[in-house]
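**Student:** Handing you this structure, nothing more for now.
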Amino acid sequence: LAMLNRTEVSDFILLGLTDIQGLQHFFFISFLLLYVTSLLGNGAIVTMVISESRLHTPMYFFLGNLSCLDVFYSTVTVPKMLTGFLFGHQPISFGGCFAQLHFFHFLGSTEAVLLATMAYDRYVAICNPLRYTLVMRPRTCLMLAVASWSTGFVHAMMHSVMTSQLSFCGHNRIRHFFCDIKPLLNLACSSTSLNMTLLNVVTTSIALGPFTLIVLSYLYIISFLFYKVRSQKERWKSFSTCASHLTIVALFYLPVLFNYTPPSSGNSPKRDVQVSLMYSAVTPALNPLIYALRNQEVRSALKKALGRKL
């Protein structure tokens, strides 16, 4: 009977961001530009990290992973959203909806863990420079990257399996531009209390765990620079290597903490949509720009690569 119930809804309809015709064209152009920026910028960074031998360091290895993630991350939601602006409400199949939910949470939670790994890398580089090559060996970096991706995958798998077990009957309109957990839970006919608990407990830990590690790493870095490094110039030079990472952490975490920390149930759907837009479309486009603008090595590698092309 549960199976019969569940197949009553064979697809969902994504209502998207807006019904106002004039706004749809404006949004289409804006988000298309952001998406293209994300693909080109992150693609350029991945290519550079692979091809430039002097960027074969742990910091850039993790940056390459982050850029790769961002390409996939924006691709999970933005193309479907763009077709919505052009053709109105978007139907999405049951399977397609859960695939979108899975990959969105897989890539999002991987990014949270990866940002913590990058903070640890900065901590070792600044506070233990002599042991840096010993601690951050290529094998260790690879293991840390695999651990980040695996954590994200397991976390997303839990949500997609648990959400797909619910029965959906009747109402199938999702007030969002992609299949996220909370809008789907609102449509379920069966009890969602376990799903809500998982969302509040597990997802909050996946968000707050790495965030705590990032804060601790930076507290260590700041106190180390303050007490151990005498020259102002040296302090600034060391800290400037963290500036790009810190900016990205702020861009990623402010919306995430806003959206996924309890109480999840009382949040307004409209605010959830706006916050999701920030980290699915805007942040992936800004990340490569932040690294290119703030980082001398990335800039010179870019110039060299462009020089070769021209």
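Each residue, glycine too, has its Cβ placed from N, Cα and C.
Bear in mind that the values here come from a model prediction, so they are computed numbers and not experimental data.
So TrEMBL has the following annotated:
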| type | residues | note |
| --- | --- | --- |
| DOMAIN | 41-291 | domain 'G-protein coupled receptors family 1 profile' |
| TRANSMEM | 26-50 | transmembrane segment |
| TRANSMEM | 62-82 | transmembrane segment |
| TRANSMEM | 102-120 | transmembrane segment |
| TRANSMEM | 141-158 | transmembrane segment |
| TRANSMEM | 206-227 | transmembrane segment |
| TRANSMEM | 239-261 | transmembrane segment |
| TRANSMEM | 273-293 | transmembrane segment |
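Could you tell me the structural context for the features on the list?
**Tutor:** Taking Cβ pairs closer than 8 Å, the transmembrane segment (26-50) reaches residues 17-18, 56, 60-61, 63-64, 67-68, 70-71, 74, 78-79, 81-82, 85-86, 281-282, 284-285, 287-289, 291-292, 298, 301-302, 305 in its own chain, all 6 or more past its ends.
Tertiary neighbourhood of the transmembrane segment (62-82): same-chain residues 14, 16-17, 28, 31-32, 34-35, 38-39, 41-43, 45-46, 49-50, 90, 92, 100, 103-104, 107-108, 110-111, 114-115, 117-118, 121, 141, 144-145, 148, 177-178, 248, 276, 280-281, 283-285, 287-288, 291, selected by CB-CB distance under 8 Å and a gap of 6+ residues from either end.
Here the transmembrane segment (141-158) has Cβ contacts under 8 Å with residues 58, 61-62, 65, 101-114, 117, 120, 198, 202-203, 206 of the same chain, all six or more residues outside its ends.
Same-chain residues lying 6+ beyond the ends of the transmembrane segment (206-227) with a Cβ under 8 Å from its Cβ atoms: 109, 112-113, 115-116, 119-120, 122-123, 126-127, 151, 155, 235, 238-239, 242, 246, 249, 253, 256-257, 260-261.
Within the chain, the transmembrane segment (273-293) has long-range Cβ neighbours (under 8 A, six or more residues past its boundaries) at 17, 31, 34-35, 37-38, 41-42, 44-45, 63, 66-67, 70-71, 73-74, 76-78, 81, 104, 108, 175-178, 180, 244, 247-248, 251-252, 255-256, 258-259, 299, 302.
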